[in-house]
Amino acid sequence: MLDPNMLRNELDAVAEKLARRGFKLDVEMLRQQEERRKVLQVETESLQAERNSRSKLIGAAKARGEDIEPLRLEVNELGEKLDAAKAELDKLQNEIRDLALSIPNLPDDSVPVGKDENDNLEVSRWGEPRQYDFEVRDHVSLGEMAGGLDFAAAVKLTGARFVVMKGQIARMHRALAQFMLDLHTEKHGYLETYVPYLVNHATLYGTGQLPKFGGDLFHTKPLEEESDSSNYALIPTAEVPVTNLVRDEILEEESLPLKMTAHTPCFRSEAGSYGRDTRGLIRMHQFDKVEMVQITRPEDSMAALEELTGHAEKVLQLLELPYRKMLLCTGDMGFGSSKTYDLEVWLPAQNTYREISSCSNMWDFQARRMQARCRNKTDRKTRLVHTLNGSGLAVGRTLVAVLENYQQADGRIQVPEVLRPYMGGLEFIG
């Protein structure tokens with residue numbers, strides 16, 4: 001959520017920045033709403049003051065033994081007008097808030113202007129794609145040969161875009177998540193957290209999934225039903241519950257940064273993805289991910305983005321998987337992001353790089369929604385924190401990359417060296 005003061009006082013500048021990411025801000029409507037809000041605010045305050053003044057006269061008149069009925073009627077009439085003005089002001093403020101919640105974050109000035117993924121900027125590459133002297137198989141074929149990926153069973157149990165993993169493939173999937181968690185907690189300084197997979201609407205508003213992206217979630221009740229304590233949604237990413245741990249909190253600045261990680265399943269309806277990546281593990285309704293979250297002082301967040309992205313890169317480097325680092329353009333960034341790097345891993349069967357991690361600085365966009373603040377030790381003043389998040393990594397897509405990059409001519413999969421301690425010393429599976 002953007003700063004309301006910016007929307008009031010720097011509207012043209014805000015509109016220009018939003019236009020860079022392809023969002024057209026209705027400047028005229030916002031101006032009209034703000035003018036109407038000011039009028040109603042003045043009217044409400046004036047009626048309140050007048051009613052208070054006339055109420056005091058009733059007591060004085062009563063003490064003098066005068067007839068107070070005319071004054072009482074006048075006060076009642078003022079009260080009715082005040083209630084009506086307050087109701088209109090509340091309605092308008094809710095409309096203004098609803099509009100504000102639908103406006104995306106402002107892109108940082110360092111973000112390249114562009115329309116879509118074709119305008120993203122390649123920052124760097126790591127590793128060289130392996131050359132094969134045999135016909136490369138994709139991860140689906142490799143997994144089925146090993147008896148470890150069963151999509152037919154998942155269709156029977158649930159439907160499309162789910163999978164049943166078995167045997168050494170399931171073990172490797174678990175090993176990858178464990179390896180990532182150990183790396184982030186033991187080497188990168190993150191606190192491991194275990195969080196609910198179902199969250200309430202306030203949590204989803206806090207990180208920006210609601211109200212705009214309700215259709216992308218799996219809900220326990222229809223979204224249009226009034227939210228209550230039992231109206232939950234499955235998390236689309238651990239970013240949602242982990243970041244919301246600081247909602248409505250005031251943190252001491254010396255305690256920052258907070259660095260937290262969690263391994264969770266993630267659930268997405270993939271609305272709008274019909275026909276895309278229908279084969280295999282790339283685009284699933286349920287998938288595992290190890291998420292990293294940082295809560296920082298405002299002045300530290302850009303350096304934290306570089307650090308957090310480096311932590312995701314380290315996973316790929318230790319697994320010896322070739323990848324490239326992309327700086328997303330304004331038109332390809334997520335709704336709440338101010339700046340985002342994507343890491344794309346090399347998939348031999350597709351002969352291309354595919355996203356495996358997205359690392360973003362959300363600036364104070366989520367913090368304002370969550371009212372997450374930090375307090376200075378010296379002057380005791382509070383200000384909004386900055387929030388960052390990144391995949392470290394998507395476990396299923398990492399499994400895809402390992403299967404394809406480590407495949408052998410006979411269909412076996414070499415186990416990456418860093419995973420062998422998690423797999424009982426196995427060197428090959430399949």
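Along the chain as shown, the residues are counted starting at 1.
Glycine is no exception: its Cβ is also placed from the backbone N, Cα and C atoms.
Residues or ranges marked as L-serine binding site by Swiss-Prot on the basis of sequence analysis: THR237, ALA238, GLU239, GLU291, SER391. Taking Cβ-Cβ distances under 8 Å and a sequence separation of 6 or more, the neighbours of ALA238 (L-serine binding site) in its chain are VAL195, ALA262, HIS263, THR264, CYS266, LYS289, VAL290, GLU291, VAL293.
Per Swiss-Prot, ATP binding site is recorded for ARG268, SER269, GLU270, GLU355, ILE356, SER357, SER358. ILE356 (ATP binding site) falls within a strand when secondary structure is assigned with DSSP. Spatially close to ILE356 (ATP binding site) yet at least six residues away along the chain are LEU316, TYR323, LEU343, GLU344, VAL345, SER391, LEU393, ALA394, ARG397, THR398, ALA401, judged by Cβ distances under 8 angstroms.
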DSSP state at SER391 (L-serine binding site), helix/strand/coil: strand
Residues THR237, ALA238, GLU239, GLU291, SER391 [recorded L-serine binders]: greatest CA to CA distance in Å: 9
Cβ packing number for THR237 (L-serine binding site), 10 Å threshold: 22
Largest inter-residue Cα distance among ARG268, SER269, GLU270, GLU355, ILE356, SER357, SER358 [record-listed ATP binders, Å]: 19
